[in-house]
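Peer 1: After the structure tokens below, expect a handful of questions from me.
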């Protein structure tokens, strides 16, 4: 029976954060995971002496009733540094501000598990600082930044550690854009309009509150930046390579999401034409992120695929990533749910377990 104890500090109790906490508190393990901090923007639960917070499954009520203000991040680092046991910080937010403190956490020996893409897809200097592997640094795991709980990042890191070399990666990295193109461009002829599919996707909750945040391609660009960097391409930033936006120029600046959706149908013509051209070649349209390690090139945009291609037969909002390496000349294909609270939280919890095993 292991006597290993790790202290877990959690920031964010939203949709993913809630699923993570429920999974963490229900988990059975030979390692003891003590929840010592639970923080939201304004209020928090904090154990000053690092004894486990006695909240159990009632953590929501305990947090809602708390009158303790959330510590500024510098103060939080100073507090966690004094922990007698190793600390894992779990950031379940998408905050760029919190991500900006990751290097400080890590340099103070605090490990990080997170689905937050911001730090890993920002400037290259931050990436290098986070993975400098200084012996006193905390560990950094971010499986859920690409493909939610799918084992994409862990697979890439593992094969590279064993001496394999990534040659090409291409894939459908966005659950939202997967759904939209799977409905819009099919092997069976259809008259579905792009604008109508976007409206349905929003109704079903697949898109961000403002669908332009999906259609601008930046979310895919961030994910491609991450897998590109892992594969050895020094991608400067998500805006340093070609990213095709699906937002018609005149609609980029309209004030509201409702106005955008209302006017989107005025611009269906170009994508309808592209769909028809693809159909005459027995192909479908998909929104793809690509990395070519040999040419150090990265891109995001619409591509055509034969009806027989794995990307063409995709259903729903699945992600699918194809990875070609020196050893895997026939590409490895990883497919499954690339979004959703439960699978994302499981990806984060898996990272917490991996870190704990190394501490």
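Using the three backbone atoms N, Cα and C, a Cβ is placed for every residue, glycine included.
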Peer 1: Out of 199, 223, 290, report back the residue that Swiss-Prot marks as ubiquitin cross-link.
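Peer 2: Matching 199, 223, 290 against Swiss-Prot annotations yields 290.
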Peer 1: Please identify which of 117, 128, 304, 315 is recorded by Swiss-Prot as part of the NADPH site containing 16, 60, 93, 94, 340.
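Peer 2: Matched candidate out of 117, 128, 304, 315, per Swiss-Prot for NADPH with 16, 60, 93, 94, 340: 117.
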Peer 1: Per Swiss-Prot, what member of 41, 65, 125, 312 joins 13, 15, 16, 93, 340 in binding NAD(+) at one site?
Peer 2: 41
Peer 1: Out of 93, 117, 223, give those recorded positions positioned within 10 angstroms of residue 146 (Na(+) binding site), comparing C-alpha atoms, in sequence order.
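Peer 2: So the list is 117, 223.
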Peer 1: Which Cβ among the recorded positions (60, 290) has the fewest C-beta neighbours inside 10 Å?
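Peer 2: Each of the recorded positions 60, 290 was scored by Cβ atoms within 10 Å; lowest is 60.
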Peer 1: Can you grab the distance from residue 16 (NAD(+) binding site) over to residue 94 (NADPH binding site)? Cα atoms, rounded to a whole Å.
Peer 2: 10
Peer 1: In whole Å, how far does the CA atom of residue 13 (NAD(+) binding site) lie from that of residue 150 (Na(+) binding site)?
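Peer 2: Computed Cα spacing between residue 13 (NAD(+) binding site) and residue 150 (Na(+) binding site) is 22 Å.
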Peer 1: If you count the other Cβ atoms within 10 Å of each Cβ, which of the binding-site residues 205, 340 comes out on top?
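Peer 2: Going through 205, 340 one by one, the largest Cβ count within 10 Å is at 340.
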